[in-house]
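One structure below.
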Amino acid sequence: MAFLTHLLVCVFGMGSWVAINGLWVELPLLVTKLPEGWYLPSYLTVVIQLANTGPLLVTLMHRFRPGCLSEVPVIFLILCVGTTACILLAFLWSMTSWIQGRQHSVAFIVLTFFLALVDCTSSVTFLPFMSQLPTYYLTTFFIGEGLSGLLPALVALVQGSGITTCVNVTETPGTTLNPVTTMETSITQRTLSPSLTPLTWHLESRYLAPRFSPLLFFLLLSFLMGCCLVAFFLLQRQPWGRQGSIEDLLHSQVTLHSIKPRDTEDTGSVGAPVSSPGKGSVEVSVASLRPAQLAFIYSVVAFVNALTNGVLPSVQTYSCLPYGPVAYHLSATLSSVASPLACFLPIFLPNRSLLFLGVLTVLGTGFGTYNMAMAAMSPCPILQGHWGGEVLIVLSWMLFVACLSYVKVMLGVILRDRSRSALLWCGAAVQLGSLIGALLMFPLVNVLKLFSSADYCSLDCSA
């Protein structure tokens with residue numbers, strides 16, 4: 001029975017971000033099909049941030065109208081919306097409309113907004129719901145959340161989404177070049193001059209045909225969202241599924257000073273250290289957290305999510321592609337593997353020391369800084385063209401994700417043991433950090449264009 005519950009919680013957690021993560025890993029294929037081309041990621045960034053109105057509304061409702069909103073029907077609603085949107089996306093993703101004389105993917109963008117609304121709102125509804133279950137299930141929830149990035153990445157890897165190869169292209173000195181604007185690579189259309197001149201050749205990147213279409217990919221996402229909906233329904237039928245709800249959150253003004261600890265039967269007596277079954281005592285006495293410690297925890301939650309959800313994902317292609325498509329796909333896939341593995345670690349090696357978690361945050365930030373530096377140096381970062389550079393960038397991305405994933409899990413466990421309202425504000429901090437990170441990077445990448453891309457096959461950094 002316990003194993004089944006862990007499985008249901010894992011599947012439930014997987015549904016939190018599986019839809020948007022699926023869209024991101026499918027982008028290399030979508031940008032070659034939709035009229036927005038390589039501007040599509042910019043559109044999605046704006047759309048996803050607009051969807052933060054969902055968690056903002058939920059948080060404000062509980063702040064000013066406590067008790068008027070239960071998380072259970074809200075979760076059922078957003079999961080049904082997410083499943084329906086995925087199914088519609090499978091059949092409507094390529095539909096375009098004319099707006100001001102240009103074609104735009106209106107159906108795709110509108111459905112993406114609903115998927116983003118589902119995933120963003122999950123941060124302030126799924127976590128409070130998890131407070132109804134014993135503490136050790138929260139780690140399983142975060143494992144499922146990590147799988148929400150891994151499973152779509154593996155499917156996209158099997159599909160061959162965005163896989164490129166280097167091909168020889170012959171041309172004459174008199175060739176007329178006509179760039180194709182729908183690709184980011186240097187693929188061009190050429191009109192050969194009639195004069196007989198010596199032929200020259202060079203390497204260019206070409207996209208390989210995917211093994212299956214986006215239709216099947218989005219249907220698989222629909223299946224995963226449907227599994228999450230079924231898992232939540234079954235969790236509701238568990239004995240604790242009817243215990244309390246978000247209605248009792250924030251009955252009084254909620255500030256860092258007024259978040260109350262759980263009853264003594266749930267967290268132990270005031271001032272006593274919290275213990276986990278079979279794991280011995282932990283380093284932080286949850287009931288004795290001071291306002292300054294709570295402020296530190298929420299600040300770290302926002303900072304970590306700003307890095308992992310907003311800042312670094314915006315520059316992953318710039319930091320990895322100069323080392324080649326293999327390094328890029330390994331860093332994307334293995335970092336997705338590192339997240340759920342890091343979420344497993346607290347089961348065996350829990351450490352609630354805020355000092356330790358702070359040091360681990362600094363360490364993860366260091367790996368993120370290396371990734372950002374390589375992106376800023378693109379298209380010719382350190383050790384470009386050397387196997388050591390490829391190994392370093394892949395390891396750096398893996399360790400960056402692993403360190404900060406562990407921090408997120410342990411901070412969530414600490415806040416869960418303090419109160420259910422603390423988990424609600426934890427979800428709000430997650431979304432706030434993600435929003436700040438995305439809004440910070442959008443002008444740097446898309447307006448100021450501080451990062452430069454290049455075609456790996458024709459890249460020459462020997463100068």
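Cβ coordinates come from backbone N, Cα and C, glycine included.
Marked as topological domain 'Cytoplasmic' by Swiss-Prot on the basis of a curator's inference: 1-6 (among others). Along the topological domain 'Cytoplasmic' (1-6), the predicted structure has mean pLDDT 83.
Among the features that Swiss-Prot reports, transmembrane segment is placed at 7-27 (among others).
The topological domain 'Extracellular' annotation in Swiss-Prot covers 28-37 (among others) and is backed by a curator's inference.
If you look at the transmembrane segment (38-58), the same-chain residues 6 or more away from its ends with a CB under 8 A from one of its CBs are 20, 23-24, 27, 30-31, 69, 74, 78, 105, 109, 112-113, 116-121, 123-125, 182-184, 314, 427-428, 431, 434-435, 438-439, 442, 445-446. According to Swiss-Prot, the feature transmembrane segment maps to 38-58 (among others).
According to Swiss-Prot, the feature topological domain 'Cytoplasmic' maps to 59-71 (among others). Residue counts of the topological domain 'Cytoplasmic' (59-71) by helix, strand and coil are 7 helix, 0 strand, 6 coil (DSSP-based).
Summarising the annotation, Swiss-Prot assigns transmembrane segment to 72-92 (among others) and lists sequence analysis as the type of evidence.
Taken from Swiss-Prot, the feature topological domain 'Extracellular' covers 93-105 (among others).
Among the features that Swiss-Prot reports, transmembrane segment is placed at 106-126 (among others). Within the same chain, residues 12-13, 15-17, 19-20, 23, 30, 34, 43-44, 47-48, 50-55, 58-59, 71, 74-75, 78-79, 81-82, 85-86, 88-89, 92-97, 99, 141, 246, 424, 427-428, 430-431 sit at least 6 positions outside the transmembrane segment (106-126) and bring their C-beta atoms closer than 8 Å to a C-beta of that stretch.
Taken from Swiss-Prot, the feature topological domain 'Cytoplasmic' applies to 127-137 (among others), supported by a curator's inference.
Annotated transmembrane segment per Swiss-Prot: 138-158 (among others), in sequence order.
Annotation source Swiss-Prot lists topological domain 'Extracellular' at 159-214 (among others).
The N-linked glycosylation site annotation in Swiss-Prot covers Asn168, and the record cites sequence analysis as its basis. The DSSP secondary structure for Asn168 (N-linked glycosylation site) is strand.
Residues annotated as transmembrane segment in Swiss-Prot, with sequence analysis given as evidence: 215-235 (among others).
Feature annotation from Swiss-Prot assigns topological domain 'Cytoplasmic' to 236-294 (among others).
Under the heading phosphoserine, Swiss-Prot lists Ser245 (among others).
Summarising the annotation, Swiss-Prot assigns phosphoserine to Ser269 (among others) and lists a large-scale study or a structure entry as the type of evidence.
Sequence-distant contacts of the transmembrane segment (72-92) (same chain, at least 6 residues past either end, Cβ-Cβ under 8 Å): 15, 19, 54, 58, 107-108, 111-112, 114-115, 117-119, 121-122, 125-126, 129, 214-216, 218-219, 221-222, 225-226, 228-229, 232-233, 236, 245.
Counting Cβ pairs under 8 Å to the transmembrane segment (215-235), the top-ranked stretch among 7-27, 354-374, 422-442 is 7-27. Remote same-chain residues near the transmembrane segment (391-411) are listed as 138-139, 142, 146, 297, 300-301, 304-305, 307-308, 312, 316, 319-320, 323, 327, 330-332, 334-339, 341-343, 345-346, 350-352, 357, 360-361, 363-364, 367-368, 370-371, 374, 381, 383, 426 (criterion: CB distance under 8 Å, separation of at least six residues from the stretch ends). Under 8 Å from some Cβ of the transmembrane segment (354-374) lie the Cβ atoms of residues 283-284, 293, 296-297, 300, 303-304, 307, 311-312, 315-316, 318-320, 322, 381-382, 392-393, 396-397, 399-400, 402-404, 406-407, 410-411, all in the same chain and six or more residues away from its ends.
DSSP assignment over the topological domain 'Extracellular' (28-37) gives 4 helix, 0 strand, 6 coil. Taking all protein chains in view, 9 other C-beta atoms sit within 10 angstroms of the C-beta of Asn168 (N-linked glycosylation site).
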